[in-house]
Amino acid sequence: MQFKPAVTALVSAVALATLLSGCKKEEAAPAAQAPQVGVVTIQPQAFTLTSELPGRTSAYRVAEVRPQVNGIILKRLFKEGSEVKEGQQLYQIDPAVYEATLANAKANLLATRSLAERYKQLIDEQAVSKQEYDDANAKRLQAEASLKSAQIDLRYTKVLAPISGRIGRSSFTEGALVSNGQTDAMATIQQLDPIYVDVTQSTAELLKLRRDLESGQLQKAGDNAASVQLVLEDGSLFKQEGRLEFSEVAVDETTGSVTLRALFPNPDHTLLPGMFVHARLKAGVNANAILAPQQGVTRDLKGAPTALVVNQENKVELRQLKASRTLGSDWLIEEGLNPGDRLITEGLQYVRPGVEVKVSDATNVKKPAGPDQANAAKADAKAE
């Protein structure tokens with residue numbers, strides 16, 4: 001029992017030492033560091049807004065070959081699917097009946113002409129009346145007209161190509177009877193160079209474009225506004241550039257769209273009528289567009305686009321955005337970001353609004369090559 005005060009003093013000393021040691025450790029613990037984020041400084045850029053519209057190709061000219069006289073087809077003088085020239089003979093219809101009609105018309109003309117000349121001499125001698133001479137002269141004129149008609153009918157037994165182009169399959173073979181005025185075409189010729197591309201644009205897109213042009217948000221694309229590029233079904237770009245020809249003046253009630261027609265050179269006949277394509281049209285120029293990298297744009301629970309930016313105090317701010325479309329790897333921002341804003345694209349998972357951060361240049365975003373970097377970008381997303 002004599003050692004109890006000594007033990008108590010020893011325990012107190014150890015506890016005091018432990019307490020002092022803990023205080024020193026707490027004082028030595030470093031303060032929490034601000035998280036590191038990568039940012040992109042928003043700069044206005046100029047770009048040409050393009051619209052990619054679906055459409056189909058159609059022949060520049062189409063001619064259905066039909067007979068203009070009745071008869072039996074003796075020969076087909078073309079190869080199906082080949083190129084034919086205007087005026088080239090395609091079919092030969094049996095000319096026998098028309099040759100006989102022509103010979104008869106020639107003989108009739110000789111007879112009426114001879115009678116008219118003889119009456120002309122006799123009328124001077126008052127051997128015939130003026131009425132008889134007029135009747136003879138009228139018969140001569142009728143005979144001349146009959147001769148011309150017979151010559152035309154005989155010429156029509158040679159069925160000629162009305163236009164140059166590619167001819168399709170023949171609907172009639174040798175030995176088939178054809179007639180003037182029949183509804184079925186003997187063959188169809190289509191001119192493929194140049195070729196039309198008919199595309200459709202919704203009235204909503206058309207109205208928005210007009211409002212943007214009127215408000216000054218977009219400027220007209222200039223002299224090249226009517227130029228059109230074509231994307232084929234396999235995703236390749238057609239090497240020839242076309243030109244916008246016209247726009248329909250009425251809206252299709254069933255689809256709510258307007259038809260636009262473009263004309264493309266087609267020397268190699270790469271484009272065939274009926275092909276499905278996409279046409280890229282230049283709509284307008286935005287000289288001060290705000291483009292934000294997609295890495296810096298997220299969605300909230302409602303699906304609305306948002307972004308985190310670093311303010312002048314190096315603190316994180318939440319911005320609500322209005323993004324109209326994508327341009328390559330960027331979003332076109334209409335509201336929510338301004339020139340000079342520092343948009344966070346790296347370290348988003350480590351920060352929240354109001355937190356102070358350390359800022360460095362982002363490494364996950366390529367710097368824009370220049371003010372016209374987005375000129376060739378495709379507008380491939382609909383308005384939010």
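Using N, Cα and C of the backbone, Cβ positions are placed for all residues, glycine too.
Source: prediction; values computed, not measured.
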Correct range for coiled coil (source Swiss-Prot, candidates 74-114, 115-155, 279-319):
115-155
For the record in Swiss-Prot, which of the ranges 40-62, 224-246, 339-361, 362-384 is the region 'Disordered' one?
362-384
